[in-house]
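J.: Here TrEMBL flags 30-71, 72-113, 233-271, 274-311 as domain 'EGF-like'. The domain 'TB' feature in TrEMBL is assigned to 118-173. The disulfide bond annotation in TrEMBL covers Cys278-Cys288.
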Amino acid sequence: WGHPCEMCPAQPHPCRRGFIPNIRTGACQDVDECQAIPGICQGGNCINTVGSFECKCPAGHKFNEVTQKCDDIDECSTVPGICDGGECSNTVGSYFCKCPPGFYTAPDGLKCIDVRPGYCFSSLTNGRCGNQLPQPLSKMQCCCDSGRCWSSSPATAPEMCPIRSTDEYRKLCTVAALLPARYDQPPGRPDLPPGRPDIIPPPHVPGVYPPQQPEIVYPSRVPPPHVILPVNFTDYCQLFRHLCLNGRCVPTPGSYRCECNKGFQLDVRGECIDVDECEKSPCISGDCVNTQGSYICQCRVGYQSTATRTECR
């Protein structure tokens with residue numbers, strides 16, 4: 001009873017909760033709460049069930065039992081360690097990270113990647129870092145390839161790279177894993193200059209610098225306030241499969257959008273959710289039942305449903 005709903009104090013008579021007597025027959029029939037209670041399940045998709053209802057909230061939202069609405073989750077205040085190294089901004093259904101100079105926003109916008117050039121060491125003996133590589137590399141380039149230690153400047157003591165298979169390593173190197181596979185060692189090193197097999201280019205994480213010789217940025221030359229990397233994520237739809245459930249993924253520059261299948265519509269997050277056709281009462285002389293992407297009509301006595309089950313004759 002009421003809005004938002006509150007439980008009735010005792011079992012109603014003559015039908016149990018969630019049912020009402022049919023005006024003509026007196027038989028108990030289910031109440032469609034989605035139709036009967038205005039504003040229920042606001043921001044989400046209300047699904048009627050026998051004797052009750054269910055509220056499907058879009059991703060990044062949670063159902064509020066008190067108001068019977070879908071509330072946005074503030075990931076910035078609820079997810080520990082979010083946007084490490086940057087500033088978190090909450091959005092409806094999601095969030096994004098604002099990254100400081102020298103950090104690069106990940107393609108999905110959900111974390112900051114350290115791309116400041118520094119010193120990479122390829123060996124670690126008795127706790128001492130050695131064999132400094134000549135070219136400056138970011139921490140991700142160094143540690144996700146073959147480096148053992150990394151230092152941000154000559155004045156800073158080198159730090160050990162995270163051990164492979166640890167959470168810290170995965171956190172640093174997951175972006176590298178999403179990019180195209182590493183250039184393999186011989187046979188056929190496509191990144192070696194022709195005719196000069198003795199010239200070995202610096203190790204690199206594919207996509208972070210192009211496979212051609214990168215411009216070497218020495219730490220004495222202060223990098224620009226925002227390091228713009230030539231990362232070209234041309235097709236998110238290819239890179240991340242299953243982005244648009246109930247729809248078709250269309251790549252856009254630096255992002256993607258969803259074109260929804262028939263019977264689905266875009267929600268606030270850009271995802272395809274089911275349209276409740278029953279809201280428009282399409283079943284004359286029958287009861288409408290919403291289904292994923294469509295609906296069916298349960299016809300009254302004396303009426304017959306069509307082949308598509310979308311009308312009663």
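A Cβ is built for glycine as well, from the same backbone N, Cα and C atoms used for every other residue.
Note that this is a predicted model, so its numbers are computed, not measured.
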J.: Where DSSP helix means H, G or I and strand means E or B, what are the helix, strand and coil counts for the domain 'EGF-like' (30-71)?
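T.: The domain 'EGF-like' (30-71) comes out at 4 helix, 19 strand, 19 coil.
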J.: On the 0 to 100 scale, where does the mean pLDDT of the domain 'TB' (118-173) fall?
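T.: Value for the domain 'TB' (118-173), mean pLDDT as a whole number: 86.
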J.: Under a criterion of Cβ-Cβ distance under 8 Å and sequence separation of at least 6, what residues of the same chain contact Cys278 (disulfide bond)?
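T.: Long-range Cβ contacts: Asp32, Cys34, Gln35, Cys288, Val289, Asn290, Tyr295.
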J.: Taking DSSP states H, G and I as helix and E and B as strand, how many residues of the domain 'TB' (118-173) are helix, strand and coil?
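T.: Tallying H, G and I as helix, E and B as strand, the rest coil: 12 helix, 19 strand, 25 coil.
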